Amino acid sequence: MFGRLLLLGILFHVVFLKSIFDIYFVTPLIHGMKQYSAGEAPAKRLFLIVGDGLRPDKLLQPHSEKVIGEEQTYAAPFLRSIIQNNGTFGVSHTRVPTESRPGHVALIAGFYEDVSAVTKGWKKNPVNFDSVFNQSRHTYSFGSEDILPMFSEGASDPSRVDTFMYSSELEDFSSNGIVLDEWVFDRLDELLAQSLEDKELWDMLHRDKIVFFLHLLGIDTIGHNKHPDSVEYVENIQYIDGKIQELVDKMNNYYNNDGASSWVFTADHGMSDFGSHGDGNLDNTRTPIIAWGAGIQSPTHEKNYGHDEYSLPWNLTEIKRIDIQQADIAALMSYLVGLNFPVNSVGQIPLDYLDCSSRRKAEVALMNALEIGEQYNLKSASKDQTSIFFRPYSPLRNYTEVQASFYNSVIADIESGEYEIAIEHCFHFSQTVLSGLRYLQRYDWLLLRSIVFFGYLSWIGYVICFVFSLNIEPSSKIVKPVSVVKRVAFNIPFLLICIFFYIQSSPPFYYGYALFPTIFLQLIHSIFPNTKLGFKNFLTVAKQKHGFSLLKILFISLCILCLLQFIVYSYFHREGFSVILMGLAAWPWLLHADYAFSHKTISVSWSVLTSLLCFFTILPVNKKESLLFIFAGGFAMSVAGVFYILYRRNQAFQYSSTVTNKQLVLQVLIIMATVPVTLKIADSLQRNIAIPPILRLVAFGLFITSYIIPSHHIRSCKHYFLDRLAILFLTFSPTMCMLSISFEALFYVVLFITLGLWMELETELQKYTEQLHPEYSRKKDAKFHLSLSHIRISLFFYIFINVAFFGTGNVASLSTFALDSVKRFIPVFNPVTQGALLMYTILVPFIALSAAFGIMNKRLGGIQQVTFFLAVGMADIVTINFFYLVKDEGSWKDIGVSISHFCISNFLILFITALEHASAILCKNITYTIHEKVN
């Protein structure tokens, strides 16, 4: 019975996970659009130079002598001279996620890649949309193998894009990132030298519509390792600045100063002060944009124009700062070398960057607007063919007529010399089209969101009904078959919706969204008589044990709903969990005062530990590596281990357990050895000192040994439950110490002890209650009685699941993880292995939770499956909130976080299932009784 419900629940959540992508993030990609070109090109060739992970403030601000030396004030004097004398500059604003793939897609393809594209892979990421490289005559790209294949393999003609890539082994976080950039510049030099002997290559390099792409990863590598405020980060900027100056001189000589080269220098994303990126932190979303050469406007001297507090320290306020959106750069590059705009581009060409007449700017703006409008035209026509009673976007109701009117109006303005008016019309038309595209993406929202909401509601209703249906005598169970008429009545709405979806050629998943509510309603109907009987029994027990009436039960239910809503708030403001933990600290004193005052030791200990947990959820989520915190965590682990060994020496349960003090001492010694090794490696990395291979070997040895020792002794053993918890705590302690960068190890210690205390408190509280109400004692009555304590345990379990995650960070900090810990083991860039280590660190507290929860449920009489489904039901109440809180506009940090919140909450059933199975494994061969030593 439980197995079928679990399987149905997992299938439901897997299917409904896709709902947010079908509703909120319909791919913007369409094909078959007419292409538009900006016309005559001011340049024959374009140099796109991307400083991966470069922040504009670190590039342009003055630096102290300590950082940059006595001879210089600025890290990039050449690029500053370009800004002051030759080109145009500003800040390019990126979108979340601030990672290399979406950043480069926006730069080179002109649109912000849709979320569904994350399934296309991590390494090569082949893209299936148009790009500047695809429109070029030929592109020569140099850099990382994680970026370049995206555009070569996605090109309509792959031979059009040449890639020169170094291997991932060169991306060593413990070495100097300049090596990566040096490799790029050297390969370009080799290409130029080769052209002197290769006529075909020479001829190609001297043709028009040529693009050179230099991906410089050194700054990103150094930023992750040393952080942006380090000397090494600034040194890498200095190196790039010098090499760009050399490259400009080389290219001028190579092309005989023909003045046909355009240069664009920018970044795919920035970097936080903690050496991470990924979220919407302004340090991550702001990147530099400096353009110069053919077709680029010389600097405009207009004091304070575009400047704010962010750019005042750069001492460039006399130069006009022109900010753009990252996708606008693709349109700019297309204009510079006379390419067709990428057909999926939504970027609007930044006219202030162009060195041309007002008439030419108006003509370029017109072509840009028509290119964006073509996307709406094709998408609207496609929607019209598959929708019943299609309602087009009102301002574009008849697109052909609207476009013709717009085109004629702009041409008339241009011919009459009203260029500014023409440009304004183009901008307004583009904005209208973008609004129309958004309208089409939201076209089916109301219907789909209603179906999904009803799906979750019916699932929660079925879970509640199922739990109450268990609260009856087996002999009282009512088996009532559902009549054919009722089955047909239940399925009629589903059939009507299916017909509607079929006519509209809807995706297969749409049918699944409609199917599940139908199934759940039929299941609810079939068990409802037993549910009513079980609920009556529940009310009877609640009244006899606690004196609670139906009204009080409803009030408690309302309080639980309010608490779940507060958990939703706490996902966005994690300090909310501190408030919840303070409530848990006061719980025994407020609701079980008689027990708390008669068992002060355990009650006070509980309040102290849950209060300590409060501090972790108010500490900063973005952490810098702290040797002091790492030492404190390791010291606390060692003290806890020693304390337990001393404690068990005087306890009778040591004779019931096969665990020896020798084994526990050995595990504690491993922790003690781990602490200095971790501190030495971390200190060496901070000071940029080479780590001896023997030290890394010792670290790996300690890491592996910490698992070998307990696994060697755990087989065929009978452990007393406290011994099993101690072994698990000591087993994972070295891992948490080695992979901690701040207070993670301390959090692990406090959480583990708190969970152990929760287990003991619930067990003792049940014994106390059974003494007061012996008629419900498990010894006298083997029947299952659903009570308020089961609901409380489920609620606490769900709270601790969230605390285990939010205790050391939040969703945004997870997406911007710092590599300080994993590079102690793996200095070479390897996203899969490094990501696995980081995820393992996050999962360790949940392993502790599963062990404590499993042991507690065994001691309470095997209630795990009931508490499991109650926790799932609570989680899905939160999931409904997150479903409606998913954002597809506004702050791009909020968009990414809202998606993550829904996915995490929706998949809690899988996670809780994994915890349940983990607890079954972790709780094998455990004894719960004490046998005295026989003399």
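Positions of Cβ are set from backbone N, Cα and C atoms, glycine also.
According to the topological domain annotation in Swiss-Prot, S311 and Y928 sit on the same side of the membrane. Swiss-Prot lists transmembrane segment for one of the ranges 426-446, 510-530, namely 510-530.
Under DSSP, the residues of the topological domain 'Lumenal' (569-576) split into helix, strand and coil as follows: 5 helix, 0 strand, 3 coil. The list of residues near the transmembrane segment (836-856) in space but at least 6 beyond its ends in sequence, with Cβ under 8 angstroms from a Cβ of it, reads 721, 724-725, 728-729, 732, 735-736, 739-740, 744, 747-748, 751-752, 755-756, 758-759, 762-763, 793, 797, 800-801, 804-805, 807-808, 814, 817, 821-822, 825-826, 864, 911, 915-916, 918-920, 922-923, 926. For N86 (N-linked glycosylation site), the same-chain residues 6+ apart in sequence whose C-beta sits under 8 angstroms from its C-beta are W292, G293, S298, P299. If you take the Cα of N925 (N-linked glycosylation site) and the Cα of N315 (N-linked glycosylation site), they are about 70 angstrom apart, rounded to a whole number. Here the transmembrane segment (601-621) lies next to the transmembrane segment (793-813) in space: the count of CB pairs under 8 Å, restricted to residues six or more apart, reaches at least 3.
Sequence-distant contacts of the transmembrane segment (738-758) (same chain, six or more residues past either end, CB-CB distance under 8 Å): 602, 605-606, 609-610, 612-613, 616, 619, 623-626, 629-630, 632-634, 636-637, 640, 674, 678, 699, 702-703, 722, 725, 729, 732, 796, 800, 803-804, 807-808, 818, 820-822, 824-825, 837-838, 840-841, 844-845, 848-849, 852-853, 856. Taking only the Cα positions, the spacing between N134 (N-linked glycosylation site) and N398 (N-linked glycosylation site) is 32 angstrom.
Same-chain residues lying 6 or more positions outside the transmembrane segment (895-915) and placing a CB less than 8 Å from one of its CB atoms are 6, 9-10, 13, 16-17, 20, 25, 96-97, 115, 279-280, 571-572, 801, 805, 811-812, 814-815, 846, 849-850, 853, 868, 871-872, 875-876, 878-879, 882-883, 885-889.
It is 664-684 that, among the stretches 6-26, 450-470, 577-597, 664-684, 866-886, forms the most Cβ pairs under 8 Å with the transmembrane segment (627-647). Taken residue by residue with DSSP, N134 (N-linked glycosylation site) is part of a helix.
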